[in-house]
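K.L.:
Dropping the structure in here first, questions after.
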Amino acid sequence: MTSFFRSQKRFLSSATNLVRNNWTREEIREIYKKPLLNLVYDAATVHRQFHDPSKIQQCTLLSIKTGGCTEDCGYCAQSSRYSTGVKATRLMKKDEVLEKAKIAKAKGSTRFCMGSAWRDLNGRTRTFKNICDIIKGVRELDMEVCVTLGMLNDQQAKELKEAGLTAYNHNVDTSREYYSKIITTRTYDDRLNTLGSLRHAGLKVCSGGILGLGEKEEDRIGLIHTLSTLPLHPESVPINALVPIPGTPVGDKVKKPVRFTDLLRTVATARICMPKSIIRFSAGRMQYSESEQAFTFLAGANSVFTGDKMLTTPAVTWDEDSQLFHKWGLEGLKSFEYEDGSSAQNEDKTFTLPPKQRLVEQEKQAEAVATA
Ligand code: SF4
């Protein structure tokens with residue numbers, strides 16, 4: 001039996017019991033470094049076991065309070081420490097936000113995400129109340145609602161949950177080792193503490209990273225190791241490709257988008273290590289061709305951001321995505337589709353063959369070829 005068939009047999013025989021949070025870094029490294037097409041095939045196999053591969057969720061991200069942030073994230077246009085031309089604004093009015101959410105819904109987005117640029121919510125009692133009110137308004141549109149507002153404590157997380165928030169975004173960005181090269185005003189453990197507060201409040205977690213920060217392969221492996229060894233995997237894992245912003249320390253250094261093959265490896269490895277999560281191909285998607293984007297969907301990405309903008313950077317428009325979906329045979333995921341037992345939460349969902357049966361058949365085929 002060749003080493004390929006041995007490793008494939010090992011992979012397929014473990015593929016029916018894939019939701020684990022005890023991954024070692026070595027195991028993740030072994031997955032990440034597989035020959036690329038084998039890695040994509042394995043990720044696609046896992047993806048079909050847990051998700052309908054024809055469904056992609058469209059999300060829209062709106063900056064409800066832009067710029068003027070005191071943090072020093074080295075890639076961010078909104079930090080007040082860098083000259084990027086971004087003007088600081090106040091919190092948008094509820095009506096304006098709801099108008100944008102209605103447009104997003106009418107165009108096909110089923111999740112509405114809102115970002116505001118600050119370190120945390122401490123001392124912003126009135127603003128926090130206004131944000132809770134906005135969350136209630138978006139939920140009434142029957143959309144999933146996600147916000148990213150910086151660091152939170154247990155009480156704030158609880159109040160956001162009570163306001164109807166579906167999920168909270170708080171990215172760990174990169175590996176623990178590389179984090180301090182990108183951000184110095186808070187620590188990796190600060191990030192993890194906020195993730196703990198979210199879980200404590202019963203909120204769903206959206207946490208992922210950014211590729212193209214000048215990190216090494218080992219940092220991408222470390223990022224996936226952090227996320228996939230949390231007590232519960234984030235339900236949502238955004239993978240962003242850096243859009244370099246002139247005037248920021250990272251943007252002035254990094255001139256090219258992250259290599260597509262590195263992005264694809266990261267998506268595929270994340271899919272294998274966190275099989276139930278929605279993997280969101282987030283910022284920077286327009287830097288890649290349509291077929292490259294489709295390749296990431298094959299490797300397990302099952303959500304995109306669509307709209308006029310992603311916070312301060314350009315996004316793929318609804319018209320472009322509608323053509324892409326039509327051409328590649330994809331359709332939009334409905335709001336809360338993953339909460340009614342119809343897809344990710346249901347391991348036994350049948351597509352063309354019951355997934356477990358298909359895996360057994362694949363194993364038999366691999367065995368037959370290996371022993372021929
Ligand atoms: S990424 Fe968020 S916390 Fe960091 S500087 Fe930008 S707005 Fe502030």
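In case you wondered, yes, glycine gets a Cβ from its N, Cα and C as well.
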K.L.:
Among C113, C132, C273, which residue shares the [2Fe-2S] cluster site with C146, C206, R280 according to TrEMBL?
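P.N.:
Site partner of C146, C206, R280 for [2Fe-2S] cluster, according to TrEMBL: C113.
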K.L.:
Select from 67-100, 339-372 the stretch of residues annotated by TrEMBL as region 'Disordered'.
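P.N.:
In TrEMBL, residues 339-372 carry the label region 'Disordered'.
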K.L.:
So which of the binding-site residues C69, C76, C113, C146, C206 sit close to ligand 1, that is, with a CB under 6 Å from an atom of it?
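P.N.:
Within range of ligand 1: C69, C76.
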K.L.:
Using C-alpha atoms only, work out the spacing between C76 ([4Fe-4S] cluster binding site) and C113 ([2Fe-2S] cluster binding site) and round it to an integer in Å.
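P.N.:
Cα-Cα distance, C76 ([4Fe-4S] cluster binding site) to C113 ([2Fe-2S] cluster binding site): 18 Å.
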K.L.:
Return the count of C-beta atoms lying within 10 angstroms of the C-beta of C206 ([2Fe-2S] cluster binding site), excluding that atom itself.
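P.N.:
Around the Cβ of C206 ([2Fe-2S] cluster binding site), 28 other Cβ atoms lie within 10 Å.
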K.L.:
Could you tell me which of these binding-site residues, C69, C73, C76, C113, C146, has the greatest number of Cβ atoms within 10 Å of its own Cβ?
P.N.:
C113
K.L.:
Hey, for the [2Fe-2S] cluster site built from C113, C146, C206, R280, who else sits with CB inside 8 A of the CB center?
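P.N.:
Other same-chain residues with Cβ inside the cutoff are C59, L61, R111, T148, A167, N169, S236, P238, S282.
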